[in-house]
């Protein structure tokens, strides 16, 4: 037998476990238990989008903030209760919105099929369907996730990259769940839609302007964020993309090449030699960006899901079920 390093044998059971867990997810998981489940989610996402267009952005953000922290298990939706603090309290989740609308979707599903469709699957499928309203690609997502019975507030900063982390750290975090450099660059393209609170921007503007920012763009940002000490509760935001604000497209990468990245992590994509070639390629080809985004989002959506008897089907997404 070849003398393979010991760590290969230690790692093998973990890799086999990950493959097994992901294999328990399947397309059309609810075809017998709740045949209209995916259609109901699609209908609700559409209705909410027409009432509150920013919900489509929230669904994608929520998937990222949930699935990066240990598991795609809807733990981010749990409210603080019984002495356990919610992940929503983490500074890394500052600015997250529209949690209440997951309950709207959940109520519609409970009316059709009580105690059947998990909040974790709603998180995944609402992101899939919201993506289409933003002009993004269609993704076939497997289902069968269960909901966690606990919150992981203490774990959030360990797993969730921050907007001012180094690119090497960001890449390592995504690689730890199976997303390569190309996929990471594509996923950050979600920053082509939505907005950022000035609280996360002012360190690039005050006391001096970050030299990597285009001067005209910096002037615009100062107009949006006139104070170096913004009120976290105030409506002080800047959009990631001023031209195609609610379309998931490659304008994000074109802006980066013109030194108009909003966050440090955005501009670092251009500055880092490992990621800059992919920025250039995605800036030149929107179809390629969509293809890589779909591939990476699918991997993210299947990160270490709870299946079988590992979790539960919450009746209300904000709380674990009563014993």
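Including glycine, each Cβ sits where the backbone N, Cα and C put it.
Sequence annotations record features per position, and here TrEMBL assigns substrate binding site to 161. Feature annotation from TrEMBL assigns heme b binding site to 191. Marked as Ca(2+) 2 binding site by TrEMBL: 241, 244, 249. The disulfide bond annotation in TrEMBL covers 34-113, 67-72, 119-317, 198-225. As annotated by TrEMBL, domain 'Plant heme peroxidase family profile' applies to 24-321. Under the heading site 'Transition state stabilizer', TrEMBL lists 61.
TrEMBL feature annotations superimposed on the structure.
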residue: 67; record: disulfide bond; Cβ neighbours (10 Å): 29
residue: 72; record: disulfide bond; Cβ neighbours (10 Å): 25
residue: 119; record: disulfide bond; Cβ neighbours (10 Å): 30
residue: 161; record: substrate binding site; Cβ neighbours (10 Å): 21
residue: 191; record: heme b binding site; Cβ neighbours (10 Å): 23
residue: 225; record: disulfide bond; Cβ neighbours (10 Å): 22
residue: 241; record: Ca(2+) 2 binding site; Cβ neighbours (10 Å): 21
residue: 244; record: Ca(2+) 2 binding site; Cβ neighbours (10 Å): 15
residue: 249; record: Ca(2+) 2 binding site; Cβ neighbours (10 Å): 20
residue: 317; record: disulfide bond; Cβ neighbours (10 Å): 23
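In this structure, the CA atom of residue 67 (disulfide bond) is 17 Å away from the CA atom of the residue listed as 'heme b binding site'. Excluding the listed site residues 241, 244, 249, the same chain places 192, 193, 243, 245, 247, 248, 250, 251, 252 with Cβ atoms within 8 Å of the centre of the Ca(2+) 2 site Cβ atoms. Residue 198 (disulfide bond) sits 29 Å from residue 72 (disulfide bond), taking the Cα positions as reference. Taking the C-alpha atom of residue 244 (Ca(2+) 2 binding site) as reference, the shortest distance to any of the recorded positions 34, 61, 72, 113, 225 belongs to 61. Considering only the recorded positions 34, 113, 119, 161, 225, 317, no residue lies within 10 A of residue 241 (Ca(2+) 2 binding site) on a C-alpha to C-alpha basis. Once Cβ contacts within 10 Å are tallied over all protein chains shown, the disulfide-bonded residues 34, 113, 198 are led by 198. Note: the CA-CA distance between residue 191 (heme b binding site) and residue 113 (disulfide bond) rounds to 35 Å. The Cβ neighbour count for residue 61 (site 'Transition state stabilizer'), using a 10 Å radius over every protein chain in view, is 20.
Candidate recorded positions: 34, 61, 72, 161. Nearest to residue 249 (Ca(2+) 2 binding site) by Cα distance: 61.
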